[in-house]
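Here's the structure we're looking at; comments come further down.
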Amino acid sequence: MDILETAAYDRRQRRNTYCVLLLSLSPFFLAIAVYFYLWIPDSSPSILAAAIKAAPVISLALLVLSYKGGRSLLGVAGGLIFSAGGDCCLIWPELFLHGMASFALAHLLYSLTFLSTRYSSPSSSSSLSYFFCLLLWLLGGGLYAYLFPFLQKTPDAAALTPGVGVYVALIVLMATLAVRTRRPLIMLGSLIFMTSDLTLALQTFKVTEPLEHGRHIVMTTYYLAQLLIAVGDIKAAEGGDEFAKWKKS
């Protein structure tokens, strides 16, 4: 087999792999369609509402488990499961703190995953990435400072104020480590996750008036972020510096 035949074979193999992965994502897209069609959050909190809201993320967790095995329970699959737990908690307003704690654990597991050797790259550090990470921390700190007076007005201010501070630190840490991986899907997923949480925070803590399509923005960006992180984790097994490959494509 000459070089041209080998290259063509590799392209076919990659195409087949992408097709299988796309097919494997069918339950995720179906679950999202059901969620938006029923628009469960507008109804009274219930076990059914929680299950339908969490179903897309649970399907991603099962997909990651099928590719990565049980060890991913301490990584992205585990983070997705904790995210699903957070989804369920947020159905009931009185469980907001529990939901935030569940998502905080998810970000912690994502962070530990991005620190693993599977994501390490000899060229993973650069002045630009350091500068971008610094911007993320400045953004996180500025956001918390901006939210602080609004948090003080909430009924659970004593627990919510420090809790949101810890949560902001963890999601910024996750995004910083995602940038360190130099993997486009992981980086984009983490930044979209921050965007989703920012939109939710501004509305939840009454910083802004409820947006007309605020919930659509929050949930669409949230599901997209989880999708990108899950697929990025699956693709990380292929190895190599995906950022370099992406720039050349």
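Just so it is clear, glycine is given a Cβ too, placed from its N, Cα and C backbone atoms.
Among residues of the same chain six or more beyond the transmembrane segment (20-40), those with a C-beta under 8 A of the stretch's C-beta atoms are 48-49, 52-53, 55-56, 58-60, 62-63, 66, 91, 219, 223, 227, 231, 234. The transmembrane segment annotation in TrEMBL covers 20-40 (among others).
For 46-65 (among others), the entry in TrEMBL reads transmembrane segment.
The annotation transmembrane segment is assigned in TrEMBL to 72-93 (among others). A Cβ distance under 8 Å defines the sequence-distant neighbours of the transmembrane segment (72-93), meaning residues of its chain 6+ beyond its ends; these are 40-41, 45-46, 49-51, 53-54, 57-58, 60-61, 64-65, 99-100, 102-103, 105-110, 112-113, 116, 226, 229-230, 233.
Feature annotation from TrEMBL assigns transmembrane segment to 128-147 (among others).
Sequence-distant neighbours of the transmembrane segment (159-178) (same chain, 6+ residues past either end, Cβ-Cβ under 8 Å): 97, 100-101, 103-104, 107-108, 110-111, 114-115, 133, 136-137, 139-141, 143-144, 147-148, 151-152, 186-187, 189-191, 193-194, 197, 201, 229. According to TrEMBL, the feature transmembrane segment maps to 159-178 (among others).
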